[in-house]
Structure formats: C-alpha cells, structure tokens
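For reference, Swiss-Prot has these:
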type	residues	note
TOPO_DOM	27-641	topological domain 'Extracellular'
CARBOHYD	ASN37	N-linked glycosylation site
CARBOHYD	ASN46	N-linked glycosylation site
CARBOHYD	ASN84	N-linked glycosylation site
REPEAT	121-144	repeat 'LRR 4'
REPEAT	147-167	repeat 'LRR 5'
REPEAT	172-193	repeat 'LRR 6'
REPEAT	198-212	repeat 'LRR 7'
REPEAT	215-230	repeat 'LRR 8'
CARBOHYD	ASN246	N-linked glycosylation site
REPEAT	261-285	repeat 'LRR 11'
REPEAT	338-356	repeat 'LRR 14'
CARBOHYD	ASN343	N-linked glycosylation site
REPEAT	413-432	repeat 'LRR 17'
CARBOHYD	ASN438	N-linked glycosylation site
REPEAT	475-496	repeat 'LRR 19'
REPEAT	504-525	repeat 'LRR 20'
REPEAT	528-547	repeat 'LRR 21'
REPEAT	550-568	repeat 'LRR 22'
CARBOHYD	ASN596	N-linked glycosylation site
CARBOHYD	ASN599	N-linked glycosylation site
CARBOHYD	ASN624	N-linked glycosylation site
TRANSMEM	642-662	transmembrane segment
TOPO_DOM	663-859	topological domain 'Cytoplasmic'
DOMAIN	692-837	domain 'TIR'
MOD_RES	TYR799	phosphotyrosine
Amino acid sequence: MACQLDLLIGVIFMASPVLVISPCSSDGRIAFFRGCNLTQIPWILNTTTERLLLSFNYISMVVATSFPLLERLQLLELGTQYANLTIGPGAFRNLPNLRILDLGQSQIEVLNRDAFQGLPHLLELRLFSCGLSSAVLSDGYFRNLYSLARLDLSGNQIHSLRLHSSFRELNSLSDVNFAFNQIFTICEDELEPLQGKTLSFFGLKLTKLFSRVSVGWETCRNPFRGVRLETLDLSENGWTVDITRNFSNIIQGSQISSLILKHHIMGPGFGFQNIRDPDQSTFASLARSSVLQLDLSHGFIFSLNPRLFGTLKDLKMLNLAFNKINKIGENAFYGLDSLQVLNLSYNLLGELYNSNFYGLPRVAYVDLQRNHIGIIQDQTFRLLKTLQTLDLRDNALKAIGFIPSIQMVLLGGNKLVHLPHIHFTANFLELSENRLENLSDLYFLLRVPQLQFLILNQNRLSSCKAAHTPSENPSLEQLFLTENMLQLAWETGLCWDVFQGLSRLQILYLSNNYLNFLPPGIFNDLVALRMLSLSANKLTVLSPGSLPANLEILDISRNQLLCPDPALFSSLRVLDITHNEFVCNCELSTFISWLNQTNVTLFGSPADVYCMYPNSLLGGSLYNISTEDCDEEEAMRSLKFSLFILCTVTLTLFLVITLVVIKFRGICFLCYKTIQKLVFKDKVWSLEPGAYRYDAYFCFSSKDFEWAQNALLKHLDAHYSSRNRLRLCFEERDFIPGENHISNIQAAVWGSRKTVCLVSRHFLKDGWCLEAFRYAQSRSLSDLKSILIVVVVGSLSQYQLMRHETIRGFLQKQQYLRWPEDLQDVGWFLDKLSGCILKEEKGKKRSSSIQLRTIATIS
C-alpha cells in the first residue's frame, strides 16, 4: 500500500501544471527546461528542486557527474531526446530520493548495466520506445531497485521475456508493460523470477504472442505458474479459437482476476463460415483461475454457443461488445452463477426470446445498446430477478410490453410512438430520442411508482387532445423534457396541469420547446424545485410570480428577453441569462445596475450578455454600458407619473373650462369686469395729462350716428355717463358750426390721441369720412406712430374693403377691428377698443443716417 501511495504522489507531481514557470528556468521546486536545445544537464539547479523536466532536448550523455547532488528531486523527465542517448554507470546516483524516472521515446544507444544503481526509492521507470533489446531483461539492469512498482518497457525491440534472477528482489513490482514488442512465445522458465508475486497489471498487448509461430504447448507449459495477476492484457494479438483454448489449457490454475482479449479474430463474422465461433471447450480450462472479468470485445463472434461460459462460476463481468453476435444459443450463459454485468452492446441482435438469458441468477446490469432489436418477448427480462439496469438504447423497438420492474431502464433512441399503459416500477427511466407525441404518455409516465428520474429529451411531445387527471407523483426528483414541442400543446389552453402533484421535483429541463409564454401557474405545485432550464426558447418576458418560489438555479439563456425585471432573479443562487436579445434603453438600466451589483452567480462570459438594439450598441456587453444618463430619469419616474396624472387632469379641466368660457364668454367677461372693479374700487382712473384735448376722434358717416351712439358712444364717452372714462370727439357734437369742415376734421384728428374710423357701407360712400381717414393716415406718417384705429362694421368683405384705394393701403400694413356678430362679445370688444385708444404708441426715431446731396437743376 505504501508503494502505491508513493506512486500516486509521483503521478500527481508529474501531472501538476507547470504553466506558471517561465520556459528554461527554475523556481526552486520545478526546473522547466523542455525544448531548450540543451546538450547536457544544466548545473544551475537549486538543491531544493523536486521536479526536473528535460524532455525535447539534445542531451546525448548522462553519467555519474552529470547531476549535482539533488536530494529532494522526485521526478526526472529525460524522454524524447533528439540525440541518441548514452547512459553510464551510476548515472543517477546523485538523485537518491528519485521517485519517477522517465526516459521514454529516447533512443538509448548505450545503457550501462549499472545505470540504475543508487536509486533505492525509485517507484516508476519509463523506458517505452527506447529501442531496447531483450538484454535489458536478461542482464540484470534492474538490480537493487527494491521500491520499483511500475516498469514500462512497451514499444521496444524485446523478443524474449527471459528475466534475470534479480527480478526476485523486486518485491514491490506490481505493474509491468511489454506491449507493442514482438514476443512470439512465453514459456514457464522465462518468468520464473516472478513466481510468488502478485501483479496488478501485466501487459502483452499487440505482441503477436502465440499467433506467428508454431507453439509446443506441452513443452512450453504455464508461463504464469505461481504468479497472481489482477489484470492480464492479451488484446490485439490476433488470437483464434484454437489459440485461446490452448492458452487457457496451459495457464489453468493460475489466478487471473481480469483477462483482456480485446480485438481477437474468434468467430466468422456476418456472412462467413470459415472461422469457428468459440464453444464450450474454449474457456473450459479457466475454471480454476478465478476469472472475475473477461473482455472479449471487438471481435467477430456471430453466435453464442450453448454453455459457452459454463465453467466460469466466479465470473462477474463479461464484455462481448463490438462483435457480430446475431444469435444467442440455448443456455449460452448457463453456469454464470456470479455474473453481475453483461455487455452485449454494438452487435447484430434483432430479437430476444424468453430463454436467451437463462442461467444468470445474479445479473444486475445488461447492456444491449446499439443492436438492431425490434421485438422482445414479454418474459425475457422478468425472469432476471436481480436485474437493476437494462440498457436498450439505439435499437428499433416499437413497444415496451417487456419492461420489468427494475431500478433503471434506458430506452433512448428507439422508435416508440405510443406507450401502452402497463404496470411497472422504475427509479430511472430514459426515453429520449423516440417519437412520442401525445402528452397522455407523459401523464402515464409521471404516475410510474417509485420513479425518481425521467428523461424524455428529443421526442415530439406536442399534442394534448383531452383533459387529463393530474399526476400525483411524490417521488419524482428530476424531469428532462428538452427538445420537444410543448408550445404547440400549451397554446391550445390544455395540459397546463402537467406538473401538478410533483411536490418533490427538484430539477426540470424545458429547453428547446419553442415556448413563447409560460402558462399561468404552471409551476405552482413545484415547491421543491431548485433548478429550472428554459434555455433556447422564444420567451420575451417573464411575468412576476411565474417562477417557483424556492428556485435556486435558472437557465434562461438563448431566449428573446428584452427588458427582464431583476426582481425575478433576486432569490436565485445561480443564473444563466446569456445570448438574449436585450433592448438597451433606459428601461433596462435597473437590470444593468443589478448585473453589476448582484451576488447571484452568473454563468457565461460578460461578452455573451449583449445588446441587440439599438444598432449603435449592437453586440456591446451590458457590463460596459453606462446608465448615468438614466439615473435622473429613474429617480424622477414616480414624479413623472404623478405629473402625467396632474397634467391629464389639468388639461381636461382646461378643456372643460375653455368650452364653458367659449359658450358663455359674455357672462364670463362681465364677471371679470365686476371682479376687476371690486379689486380696484379704491383707485381712481386718471389719464396722464398731455397735449391732447380728446382721447379719440370717432369718425363715422352721419347715417350711422344712431347706431354709433347706441353701440359705442353711450358706453365709452364720459359725457354720456360718469362711469365712462374716455373723452371722445365726434362731428355731431364737437365740430364748430360755421367753421370750415376741413378745419374741423384737421383739429379733431390732431387734437385727439387716436382716430377711430367706423368703416361701414355709408362710410365708404362719404367723402368727408374718407378725407378724415386720409388726415389720420397723414398724422400717423408725421408722428411715426399708429394713431388710426379701423373698426369694420357690418358685413363688408375683404374684397369690398380692398376696392377703395384709401383703405387698401392701411389694410395691407395694419391690423383692424371688426364689430362682433354675437351680442355677448360686445362688452369684450368695447373693452379692447378702449385699451387700443388708451395704449401709448412710441414714435420711431427718424433716421439721421440718410445723407442728402444737392441735385443739380436743369435750367
């Protein structure tokens, strides 16, 4: 046990990564000089060096002085030298604690007989593919290697296994490999120094043993007499039935736990009869060898003959995989009372009968995958009372009436379209890669008693034609439904209760089911669910409450999630959300912030969590996107909503008030004026004193006097009422009788702050009115300010107004007032007219930048 532990430690030392060491350097413990073009052992080594790696160099000589004293060195790698190697006597004596010496794939031109002396603690010696001859075994090269446990001499030029007597001293030797040599025979006297030893492995793979020469079996006798072998590897030697039988005869009585005869040529194969299949006598002599494992895989056996293994009472594992077995003879397995594992995979079996497996009272595992089995009799496996695992994957089965009540049934890769509702129990049921379509089969399987693991990947589950009774299965722990078409079933509104009653389910796979939504409450009963895979579907959104409450691991990768809510993932321990189609706008800022702050373990590379929109951010990692511009918007989101409500209400009220005001504008204006008078009741209206006698000269046709007096003058002129505030001038009252009419007009225009022309049909026909209009325009030009106010009265159109040249010039440049048609607007109009009269107009300064020049006169 101590030797095996030391060997394990040595292997660990060798396999440890050296990537942290710079090439052609040493860190004190590891000296890494692989491929450094060295021609000799470097002397710059530290005495603390434990591993020295010198492969792939040009070192051609190793002698006693090649190494400094390295008492801690445990691994020396000198393999694959590009120069022929000469190893002198005591070449490694300065490495007293060496555990592993690797010289493999170096062409050793000279190997001194004392080359390995001084290595009392050596556990493993690798001399594979070194060009060594049989002399390395017969001349005592391995003397005094008392700790040697593993010797690898594979791939050399050894033709004889005649061992030197010093092998008797190698009490720790347990693993010897002579594979890939040309050793045509082995006889009893050659391995005599190994008698009394127990070897864990003895390799003779591809040595052409007994297959190229005529062997005197009686004189050669048992080469393994007195040797106990745990594993004897005789594969790829081209053994026929006769060679196998003769070898079994000469080694009878030798204890061999595992016999490997892979890649043999026993059996005719399919369609041939020139080579015999093994029969009852082939392995009969192994009865006293206590063989526990027999590997006959990769051959050409076509038929398993009756009682073929009848004498192998102790056999526990039989491997017949990769043959051409098409027929199992009657009682072919008779006598295998202890067999536990039977491997018949990768053969040509087409049907199985009730009698095929008679004689296997303790078999627990039967592997029949990758045959062509299309039909099985109902009682074929039910007679195997201890059967625990039945592997029938990748066959052509269309029915499962034969299923026994066992722990594990593997039926993936068959042609099952419908499952008969038979009664059976199982712990593990695998039915992937079949042709199941109706979810009624899923409901049936979920009711199988004691079922803990159910695999239905890569079927066609898509149909749900009727309501089903929910499955009550308190034992199911893992359910795999990857690569089906559940979307087609669920979009009809049926089978939403398929997971109801699965109270102990812990793992659920729903990947690749074309799901674009999750039915409401689909996971409500999965109170124990810890892991859920929804990857590779078409989900765009996950609704709050759609995930199980106790979920810890969620795979939602390769969907079409746009803006997921991070609150859904806050209770998870592990999350895979890679390869989705994220829309990178401010709505995603909360999720981006969560990604950078969460304690949830996120699977995948950050580069796999990327934007799909907008195009400016296409392919950019969410981890690299700044959300600073969105912080203010996020903080103001609730305020914005409140403002939205406020604005909506305000706008509605405004529209209502506007409609009311428009409808009852006259009343509203009167109320406004009343309030204004109440507010300013203590203030006396006073006009700024100035040079004007009147506030306004009202010019109108005498034919319009009655209307003007009733509509305007009584409401504006202070002489009519003390409540009026304007001093008005008009012809009928204020013109001086007998005075020149032009003078009166001129005095009225120039003596008033503003001139108001009431343009009506009579006005346009009255010459004096038009003359007063021209005087007012003349004053406007003189004072460089607008003192003319035009009020259009009646139904005069724009065309009628523009016909008069005097009026046209004003209307093209100035605004005018029109007497309201609705009586409720009269008050507002009078107020506006008063405001226009009282409004002070600032005159424009005359430009002084215009230079005048004298124009020559022509006489």
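Heads up, the Cβ atoms here are built off N, Cα and C, so glycines get one too.
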In the same chain, who gets a Cβ under 8 Å from the transmembrane segment (642-662) while lying at least 6 residues past its ends?
668
So what's near the repeat 'LRR 11' (261-285) in sequence-distant terms, Cβ-Cβ under 8 Å and 6+ beyond its ends?
234-241, 244-245, 248-249, 251-252, 294-312, 323-324, 326, 348
Under DSSP, the repeat 'LRR 19' (475-496) has how many residues in helix, strand and coil?
5 helix, 3 strand, 14 coil
Looking at the glycosylation sites ASN46, ASN246, ASN343, ASN438, ASN599, the one with the fewest other Cβ atoms inside 10 Å is ASN599
Rounded mean pLDDT within the repeat 'LRR 11' (261-285) lands at 91
Please list, in sequence order, the residues in the chain of ASN624 (N-linked glycosylation site) that are at least six apart in sequence and whose C-beta is under 8 Å away from its C-beta.
PRO606
What three-state secondary structure does DSSP assign to ASN343 (N-linked glycosylation site)?
strand
Quick one: DSSP breakdown of the repeat 'LRR 11' (261-285) into helix, strand and coil?
2 helix, 0 strand, 23 coil
ASN438 (N-linked glycosylation site) in three-state DSSP notation
strand
Expressed in Å to no decimal places, the gap between the Cα atoms of ASN46 (N-linked glycosylation site) and ASN596 (N-linked glycosylation site) is 47
Whole-number answer please: how many Å between the C-alpha atoms of TYR799 (phosphotyrosine) and ASN596 (N-linked glycosylation site)?
73
Same-chain residue ranges lying at least 6 outside the repeat 'LRR 22' (550-568) that approach it to Cβ under 8 Å
511, 527-542, 544, 574-583, 585, 587-588, 590-591, 594-595, 598, 603-604
Near the repeat 'LRR 20' (504-525), which residues from the same chain, at least 6 beyond its ends, have a CB less than 8 A from one of its CBs?
457, 474-488, 490-491, 496, 531-540, 542-543, 546-548, 555
What is the number of other Cβ atoms found within 10 Å of the Cβ of the residue listed as 'phosphotyrosine'?
7
Separation of alpha carbons, ASN37 (N-linked glycosylation site) and ASN84 (N-linked glycosylation site) (Å):
14
Candidates ASN37, ASN246, ASN343, ASN596, ASN599 (glycosylation sites); nearest Cα to ASN438 (N-linked glycosylation site) turns out to be ASN343
